[in-house]
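J.: Pasting a structure here, questions to come.
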Amino acid sequence: MASLSSQPSKKGMRSPGGSSNSQGGSRNSNGQTVKFARRTLSGRYVSLSREDIDMSEESSGDFMNYTVHIPPTPDNQPMDNSVAAKAEEQYVSNSLFTGGFNSVTRAHLMDKVIDSEVSHPQMAGAKGASCSVAACDGKIMKDERGNDVTPCECRYKICRDCYMDAQKDTGLCPGCKEPYRVGDYDDDGPEYSNGTLKLPAPNGKKDANNMSMTKRNQGGDFDHNRWLFETSGTYGYGNAFQPEDDMYGDDEDDRLHGDLENNDKPWKPLSRRIPIPAAILSPYRLLIVTRLVVLGFFLHWRLMHPNDDAVWLWLMSIVCEIWFAFSWILDQIPKLCPINRSTDLEVLREKFELSSPSNPTGRSDLPGVDLFVSTADPEKEPPLVTANTILSILAVDYPVEKVSCYISDDGGALLTFEAMAEAASFADLWVPFCRKHDIEPRNPDAYFNLKVDPTKNKSRSDFVKDRRSMKREYDEFKVRINGLPDSIRRRSEAFNAREEMKMLKHLRETGADPLEKPKVLKATWMADGTHWPGTWAVPSREHSKGDHAGILQVMLKPPSSDPLMGNGEDKLVDFTDVDIRLPMFVYISREKRPGYDHNKKAGAMNALVRGSAILSNGPFILNLDCDHYIYNCKAIREGMCFMMDRGGEDICYIQFPQRFEGIDPSDRYANHNTVFFDGNMRALDGVQGPVYVGTGCMFRRFALYGFDPPNPERMTQAKDSETQPLTTSDFDPDLDVNLLPKRFGNSTLLAESIPICEFRGRPIADHPAIKFGRPPGALRIPREPLDAATIAEAVSVISCWYEDKTEWGDRVGWIYGSVTEDVVTGYRMHNRGWRSIYCITKRDAFRGSAPINLTDRLHQVLRWATGSVEIFFSRNNALLASRRLKILQRLAYLNVGIYPFTSVFLIVYCFLPALSLISGQFIVKTLNITFLVYLLIITICLIMLAILEVKWSGIGLEEWWRNEQFWLISGTSSHLAACVQGLLKVIAGIEISFTLTSKSAGEDEDDIYADLYLVKWTSLMIPPIVIAMINILALVIAFSRTVYSSVPQWSKFMGGAFFSFWVLAHLYPFAKGLMGRRRKTPTIVFVWSGLIAITLSLLWIAINPPTGGAAQAEGVGGSTFEFP
C-alpha cells in the first residue's frame, strides 16, 4: 500500500538566506519571477524590506528580491519563529498579487481594500494599532482573534516591516533594547489538543525543534501530525500510523494505530439506494414495451397503406412519424431504471467528527471542499446577487477550516472586486448570526424576504433583537453595494483630475505649450489611491476586458484549525460561544491578452482549478453560477455521504437538481424543467449517472484531471515499504512522469498536488469492500499558512500562456470546443468509466434564477441546442464512445446530440394539418377502423406512461403538460435556429447570432413578474407565428368549405381539425407571451400577421381560382361555395 508523497511544505519553499542570484530578479522552481513592492499613488513600485535577505549584498534597482525554491527535504530548514509566520501570513492576506505572461509577479500591499471599515482579523485590510517606531505609519500585526501581536515581553507595538528590519539589523527590540527571544511568543506549554503524542525524531538523531516552521501548529508548537504526514519517519498514512514494536512499551492502550477506535460498533452506510416500488415500475416498463410494439405495427401499416390521392402528404407524414418514433426511443428507453437515494447525516457525523480517545476535541476528518463561483460582467450579473451567493457559501454548515471559496471575475472589474470585499466584511456579522440561530436559507436577501414567521423554531430569547439588528445592517450593506458604481466613478474622476493638474503643473515648469492639453489616461482607481490592474471604465492598453493582468487577492485568509469563540464585546450581536471563524475566500481574475483564446467560462473554471490546487487543494470542487446560492446549508454534507461511502471512490461528481425562484405560478414556459430534473436525471441515476448540467455539481478533483477511476489491476503496488510515496504514474501507468508538463503544465506544485488530492478524497477504509480507502484521522492536520511564494505560483498558473501545448481543455479540466461545455465534461468522465450520482435532498440544495420572459427563454434554449448540434458533429458524439459507457447511458448522450434535429420534422408535421385542411386530403386515404385503433392504443399508452412517470418522479400533471407545450414551442423556434446555426458553423465556419431587436416594457415596475409580460421581438418567433396563423386560416377555410359543400366530407375535416387543434393547444403559451400585458403587442406582430394572411389568400386563389359567370350558367366547373 502506498502512502502520500513526502511533499515539501509551502513555507519551506522560501530561502531563509540570501538570494543565490545577484541579478535583478529571482525565480522559483518554475522560473516565475517574484518581486515584492509597495505601489505609490502614481502607480510606481517602491521596494519593501523583506525578511531573510542577505544584507551583505547591495540590491540594485527599485526592488528587493529573494529566491523561491523547493528544498529536497523539509526537515533541514532553520527554525523560524511564530511571529514571523504570522507576519508573513498577514502580509500575504493584505496584498493584491498581479502578474502574467512576460511580466513579474508583484505583491501590492493594500492599506485599504474598500472605503468602509474592516474589522474581521481574517479579512484583507484589517488594521491593528499604529506602530510605535518613530516616523512609521504602519499597523501592528494581529492574531486570529484580532488582538495585537507584540513579539517582545515589553509589549512594544511594532509593525511587521519594522520587526523584520529589527531582526535583520540587531535582533534587539526597539522598545526595551533586549534581544528577541526566538520561539518564546507563546509562553504556554505544548498542548496536544488533537490527540497526538510526543514522538522521537527519525532514527533518534534530530531534535524535533530543528524542524521547519511549517511543522508547527497554530500555537507555535511542534505539530507531530504534520511531521508524520510530510515525512517517512513512521509507517502508515498521515497521522494514522503504526509505531515500531515496543516503542511505547507493551501496553496496547498506549499505542496509536490507524484502526477504528470503535470496532464493536456495526458498520453503517452513509447512503442508501431506494428502488421505485414494483407496483409502479413494472407497469411502466410494460407500457414502454407495449407502445414500442404497437408503434412498430402502426408504422408497418402506414407504409403498406399509402394515400394514392395525396402521396406527397402521406410521404411527409410517414417520414416524420418514423423520426418521432426513433426520437421517442432515445428519450424513453434510458428511463427504464429510475431510482431514489437517501443519506444519513448522523452517521457521517459519527464517522468523521465524533470525539474519540485519539481525537478528544472532535476535530473533523472530512475532506476539504473548494467552492467556485463564476461571473463575467457586473452589468449583466448584478454584484449584489453575486455577493449574496458568496455569503450563503461562507455560512455553509461544514467544517470552516475545510471550506475555501473562490470567485472568478472574468471581466476583471473593480466593481466586482469591491463588492466581494464588502461581502467579506459583512460576513463578519452574517455568518456567526446564521450559526447562532440556525438560519435557513443563508442568503440574506432570500432570508429577509421569506413570507413566513421568522420566530418559528427559534429558541433563543435574543433572536428578535439580533434579527432586527442584522436586517438593519443588511439594508446598509445593500446601499453600499448599490452605491459602488457611483463611488468608483467619483473616486476615479477625482484622482484623474488630480493627475491632470499634476501634468499641467509639470508642463508649465518645463515650458511646454500651455495650450496643449495634457494626455492623461482615464484610469480606474482603487480605494487605496492606486490604479486598478484590471479592466478600466475607459478601456486602454492592458486595462480592458480582453487585455489585463492576472489578479489574485486573498479576501479572507485561511482560518485556524480549532474553533474561535466570539464574545459580546465590540460587536453588534452577542456571539458568545459561537464560532466566529470564516472560510478562506479568494478573488481571482485570470490574465487575458489579445491573440489568446480564453475559452469563455470553461477557461475560467480551469484557471480556478489550477489556482485552487496551489492554494487549498480541496479534493472536491463544488461549482455554482453567480445567481445560484446555497439554499440548504447541509448540502455539502449530503453530497459527501455519497463520496465517502462504500463505492464512492469511483464517483466523479454529485449533481444536484436545479431549482428556481421568481418563476410565475403557472410556469408558462416550463422554467422549472421538472420533467428533466425529476424524471430524466433520476432515471439516469439508475444507469451510470446523471449528466452534468453546469451548476450545482460537486466534482472529484482527481476525476477532473483526466484520470480513470481506481482499478486494482492497473494500480502500481509498493515494492519496499508502506511509505513509498504516491505518484501520478501509480494511477495511470501509461503516463510518463517526464510528460507531466505536457498534460498539466510546468507547475511543479500543481503536479505534486495531484496524488495528495487523490488520497484526501478517498473514503475511510472501514469496510472490506472499500479497496481504495484511507485510515481515519489522516485529514485532521491543520492547513498550512499561505506564503508569498505559494501565491506567486497561483498567479503563474492563471496566466494566459499556461495552457499552451498542454491537455487542459482537451483531456484535463472543463472541456473546450462547445458552448455546452458542461455536458461534454460530464460525458468525458462517463466515457472513462466513472459514474455520477443524483442527489435530491428534502430541502432544495441550491436555488437560482431563470428567465421568465419568452424571448430570454428562447435564447437560453437556443444556446443549449446549438451546443448539442456541436456535440453531434464532434468526437464527443456518443456513437464514438468507448465500451466503458453503458448502453442506456450511450442512448441518453446520443439523444443529447440528436434532439435539436427533431425540429425539422416537427415543423413539417405542424404544417401537415393545415395542408390537409386546405387541400381537402388527409394523411390516410380513409379514417378506417385499423388506423383509429392504432391511434387510440398509442394515445392511451402515452397517457398511462405520463401518469406513471408522474408517480415515480413526483412531478405534477400540469408540469408535464407545460413541458410538452414548451417542447413544441422551442422545437419550432430555437431548435430549428440551432440546427441552422450549428450546420453553418460546422460546414462553413460561419457564426450566426440571433440577437434581440426591440422590446416593450411593462407598466408596473413593482410587479415581481413584470418580465413575464415583456415582449421583445426576435427572429426566433417567426416560425411559431407562421404555424399558428396557417393552422387558424386553414381551419376557417376548411370549415367554411365543408359547411357549404353539397357533399360535406366531415371525416376528412375532423381528422385535419383534430391535429390542427393539437398544434394550437401547444402554442397557447406562446400566444399569451405575444399578447404581453393587456394585449400590448408590438406592431411587428400585426405586420407579420397581416402579411401572412395576404400571402395565404393569394396562395389559395392561385391553387383554386374562382370560375367565371359563363361557367356557372352552364353548370360546369362551378363551385357551390359562396359567402352568405
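Cβ atoms here come from the backbone N, Cα and C positions, even for glycine.
So TrEMBL lists the following for this protein:
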- ASP410: active site (ACT_SITE)
- ASP822: active site (ACT_SITE)
- SER374, LYS380, GLU381, ASP410, LYS600: UDP-alpha-D-glucose binding site (BINDING)
- LYS601, ASP625: Mn(2+) binding site (BINDING)
- 14-32: compositional bias 'Low complexity' (COMPBIAS)
- 1-34: region 'Disordered' (REGION)
- 278-299: transmembrane segment (TRANSMEM)
- 311-330: transmembrane segment (TRANSMEM)
- 892-915: transmembrane segment (TRANSMEM)
- 927-948: transmembrane segment (TRANSMEM)
- 1020-1041: transmembrane segment (TRANSMEM)
- 1053-1071: transmembrane segment (TRANSMEM)
- 1083-1103: transmembrane segment (TRANSMEM)
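Distances, neighbours, how buried they are, the whole picture for these features please.
T.: Here ASP410 (active site) comes close to SER374, THR375, ALA376, SER589, ARG590, HIS598, LYS600, LYS601, ALA604: these same-chain residues lie at least six apart in sequence, with C-beta atoms under 8 angstroms from its C-beta.
Within 10 Å of the Cβ of ASP822 (active site) there are 24 other Cβ atoms, across all protein chains.
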J.: Would you say which of the binding-site residues GLU381, ASP625 has the most Cβ atoms within 10 Å of its own Cβ?
T.: ASP625
J.: Before we move on, state whether the transmembrane segment (278-299) and the transmembrane segment (927-948) share at least 3 Cβ pairs under 8 Å, counting only pairs 6 or more apart in sequence.
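T.: They are in contact.
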J.: Go through the chain and flag residues at least 6 beyond the ends of the transmembrane segment (927-948) whose CB is under 8 A from any CB in it; none is fine as an answer.
T.: 280, 283-284, 287-288, 290-291, 294-295, 297-298, 301, 332, 957, 960, 1051-1052, 1054-1055
J.: List only the single closest residue to ASP625 (Mn(2+) binding site), chosen from the recorded positions LYS380, GLU381, ASP822 by CA-CA distance.
T.: GLU381
J.: Under 8 Å between C-beta atoms and at least six residues away from its ends: which parts of the chain pack against the transmembrane segment (1053-1071)?
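T.: Residues packing against the transmembrane segment (1053-1071) from afar: 668-669, 854, 910, 912-914, 916-917, 922-924, 927, 962, 964-969, 1024, 1027-1028, 1031-1032, 1034-1035, 1038-1039, 1042.
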J.: Note the Cβ centroid of SER374, LYS380, GLU381, ASP410, LYS600, the recorded UDP-alpha-D-glucose site, then list each other residue of that chain whose Cβ lies within 8 Å of it, in sequence.
T.: THR375, ALA376, ASP377, GLY411, LYS601, ALA604, CYS626
J.: At a 10 Å cut-off from the C-beta of LYS600 (UDP-alpha-D-glucose binding site), count the other C-beta atoms across all protein chains.
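T.: By my count, 14.
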J.: About how far apart, in whole Å, are the alpha carbons (Cα) of GLU381 (UDP-alpha-D-glucose binding site) and ASP822 (active site)?
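T.: If we compare the Cα positions of GLU381 (UDP-alpha-D-glucose binding site) and ASP822 (active site), the gap is 20 Å.
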J.: Do you know offhand how many angstrom separate LYS380 (UDP-alpha-D-glucose binding site) and ASP822 (active site) by C-alpha?
T.: 21
J.: Hey, what's the Cβ neighbour count for LYS380 (UDP-alpha-D-glucose binding site) at 10 Å?
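T.: Taking all protein chains shown, LYS380 (UDP-alpha-D-glucose binding site) has 9 Cβ neighbours within 10 Å.
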J.: Within 10 Å of the Cβ of SER374 (UDP-alpha-D-glucose binding site), how many other Cβ atoms can you find? Include all protein chains, please.
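T.: Step by step: centre on the Cβ of SER374 (UDP-alpha-D-glucose binding site), count other Cβ atoms within 10 Å, giving 20.
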